[in-house]
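As recorded in TrEMBL, the features of this protein are as follows:
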- Glu60: active site, proton acceptor (ACT_SITE)
- 32-211: domain '3-deoxy-D-manno-octulosonic-acid transferase N-terminal' (DOMAIN)
- Glu130: site 'Transition state stabilizer' (SITE)
- Lys208: site 'Transition state stabilizer' (SITE)
Amino acid sequence: MRLLYTLAMFIATPLLMLRLWARGMRYGDYHQRWRERFGIFESPGFRDRSLWVHAVSLGEVNAAEPLIKALMARYPDWPMVVTTVTPTGSERVRQLFGDSVFHVYLPYDLPFSVSRFLHRVRPRIAVIVETEIWPNLYSACCKRQIPLLIVNARLSRRSLRGYMPLQPLARQALHCVYHVAAQSLTDAARYRLLGTRRSSISVAGNLKFDMPLPPRIRDEACAMREAWGAERPVWIAASTHEGEETLALEAHLEVLRRFPDALLLLVPRHPERFRAVEHSIRSLGFRMATRSEDELPQSTTQCFLVDAMGELMRFYAAADVAFVGGSLEPIGGHNLLEPASLSKPVLVGPHTFNFEGITRGLLRVDAARRVTAQSLGASVRELFEHPAVRDRMGRSARQVFERESGAVARIMERIEPLLE
């Protein structure tokens, strides 16, 4: 069946390139570094074999950060390779690690592309973060005796349904995997349904619970609040997608009727949409400022657009209430643990299938609350009106975060015997 899959990939390659070109017309970074998509890049010239971690995009890179740092600390003399698929993931790797790691885009799952990639980076181990099943890549690792692990492994119901028609192919690929370290029992069960051997799977927890807080983040948040008015009620709409910014702005109009000095921090998920979101804010008549032009909001600013990468945690820390986007639209949600780690009460929409377990855990202790497009403004207003409730939710969120940590240590226990 893998032969048919490979044939289909070859046939689809022109369409993949057309899609890349089309995305580049909208998001310019996709027009760069095309050769890497086929495993064509200058050899890094490593003296030794490397450690390789793959994290598809921004969220996965953030999740992988503590594991990558643990690997670099444990094996400082071995080169570290980090691959991504998206430009936002690439930029986040640069922000977090600079030149201390070698970054390249993961090639398309074509045999010759995969072979070139593996020949150049010479991995002694392959660590795939979350849900990435590539039959040709996995087979090539198997043939080269490169131990391959899927860590922080999750599989939503939707993803499982998508894989099931190709279950024989997925099972063949998963039999090349040395170990799957799942986020939860539910994820482990779904991987077994897909074909993972029972002996090759464990529950290690979620790497996102081990994310380090940036140093001095609380001091920076206090300084920002002093700049725009320490007593102002502030909420953040983070990692928003197309359509969600308008809903957040409409909710903010409702909040302003009760709290005229309230401030909304708006953080779109994708930087290529910053200017479109700015236009939406201005068209609704808000007094606004942007991170790129104004640095910080003024005391009269009603909406502040965070049009910069890598600063989300800083603005989470400066807010009183956090709404996490990708959840009012059927995207599947984003990382609720970032605001939870900072003791913030979390609001989230109905679509959280990418973070089922985390969402359930926070909802169960009233550290998070479900909202709809219609109820978002009222929910923010209610939390502004009841600071004791807000503080209790924030404490509960932080307790959940602390209780579930330890995934890095459990994953390292699986990796270390392979590298000794």
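If you go along the chain as it appears here, the first residue is 1 and each next one adds 1.
Glycine residues also receive a Cβ, built from the backbone N, Cα and C atoms like all the rest.
All protein chains shown were included, and the count of other CB atoms within 10 Å of the CB of Lys208 (site 'Transition state stabilizer') stands at 27. Rounded to the nearest whole angstrom, the C-alpha distance between Lys208 (site 'Transition state stabilizer') and Glu60 (active site, proton acceptor) is 9. Taken together, the residues in the domain '3-deoxy-D-manno-octulosonic-acid transferase N-terminal' (32-211) have a mean pLDDT of 95 on the 0 to 100 scale. Note on Glu130 (site 'Transition state stabilizer'): other Cβ atoms within 10 Å of its Cβ, all shown chains, come to 23. DSSP assigns the residue listed as 'active site, proton acceptor' to a helix. Recorded residues Glu130 (site 'Transition state stabilizer') and Glu60 (active site, proton acceptor) have their alpha carbons 7 Å apart, per Cα-Cα distance.
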